[in-house]
């Protein structure tokens, strides 16, 4: 499965890319304009067409997991270690070691992850593509990836760029004396830029906060083009107190608590140096996206001095945090807490800090005859002046082993957060311990049910008296919590019965509780007293109940079809479920169930596409699922919006037939906001009510084209079979075990 993400709009994404290349209106003669240019309200379906298999040069049958298993990872590590200390004239290594440079590369590749929508992160290696490859915060990382190209070239398809960059960061840390927590492979590469909403700012370094100072969801970085926060302070203002607030919010939205945040900053700034030999405005050229073809994808050409080595310009800040920047030491914390720091400026004019009693004790990165004072960023000083961070920093300084473990675990979390559950990890270096942020699942201590058991359980479920629509709603609620951006959620674990999911309004908690109570009774009756070692999980029963109800609805439509079912799910415990971490998965809108909370900044139709994108659905799959779920009466709150059938509970194509019926005229309801009334054109009699999500399948030209297929007289069976296929896909989205068989 390819990671699927969504843009706020295609134009927003294009605008970001254009920041490096010039105005979006500057275009070659004859270049086409997107429909959104002329009609901004046009529903953008491009997120459902991202990362299709046709874009992958390895082809649809390529299995990265199998390719990775053939990799001699120790040989790769050896090659990385050699590269670390083999300085290249075209981009010399600071202190003769590229380790700190590669740590920054890995950190910035993974550090785009954000919890609210699961987008960003190391997976896909999006740092290679616009806009990330041209963000100000990623300046000169184009050279880091070029330094790694010989290794990528050598091992080819057996290691992705995403895995190689993270592994290189690990090896860099280890080569400089730090013990990492482990490494898991499995990051498949993307082959095109993501359409991700990174902020509304019209230019890089724009403030991502609104006029009230609130950081917009789902963003995490405080300024456009930064991974986290501005190292000089908010908007370049060297205020450590305000910087601490920015750090806490930005890192928190990237899944890090205070201890993890401090460990990451202190650990990362133990190594390397910042580069600000001269003014970027006077010396540095355009980012890679704006450079000419002769630059071959490289940017930030520096015309001052040699343009590299001692003359390197990256952030504009200049100097190192310790006197030994290529070995792991406790010097960062010792220096931060042991000195009084005063504000100064770098040679490039950037705000930074130096000891009040500054002495030239730091070796130059390229000239051993020179020494420099220590330096700190405003964001470093923030860790000293903020009471909570300062307390942690002092504890870490006094207990180095505690700091080492905290940094190791935080680094592992940073670089693996978007990889999903541990079942997706590859390789021999995967830590054996389960971590709560991995959404751990228990190991089944029983045999999985077989075909005869499945048939028996279906009969028991259908004979239980549970409403079929409630079985379908519960199964959908459980499985559709999945999001393909960071592979979280889904039916496996049956977390729909646990906090916080058991209280989500979109799921109709009271109705779900009744279904679960009945299913638990069936589970107990099946499992009790068995001598054959077989057991059924509630997670399997939830999905099986929905599938049995779908089969029943298909029979009512005249089609005897079996919904594919793969047993093997297990039941998680509350102790294995981090309530705060799972809370961000709660939908504020789900067009598949005609659910939409007030306060959303985006339209119901846009959020339907967003939800479909997270479920890794295509346009036809999204379309058939909406039509089928309406026919099955599966709306939240038993709403009749969009139930365009006189036979609810029958898996028919009537939603599409009646939506496209020209004898019905649609108008906004005069009494209910967000509701439309479909009336007989001749008599004015009310036939149906619908939401904007329902009507978009008739108003959007692209969706209407698909809806017409399913509304056709010859499409009854196709509709049923396509619905079952899409339903099964959603039920199995988190079954990573099935994809490895």
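Every residue, even glycine, has its Cβ placed from backbone N, Cα and C.
Residues or ranges marked as signal peptide in Swiss-Prot: 1-28.
Sequence-distant neighbours of residue 104 (site 'Transition state stabilizer') (same chain, 6+ residues apart, CB-CB distance under 8 A): 141, 144, 268, 272. The site 'Transition state stabilizer' annotation in Swiss-Prot covers 104.
Sequence-distant contacts (6 or more apart, same chain, Cβ under 8 Å) of residue 108 (active site, proton acceptor) comprise 127, 137, 138, 141, 227. Under the heading active site, proton acceptor, Swiss-Prot lists 108, citing sequence analysis as support.
What Swiss-Prot lists as heme b binding site is 269, and the listing cites sequence analysis. The Cβ of residue 269 (heme b binding site) has 321, 332, 380 as same-chain neighbours under 8 Å, each 6 or more residues away in sequence.
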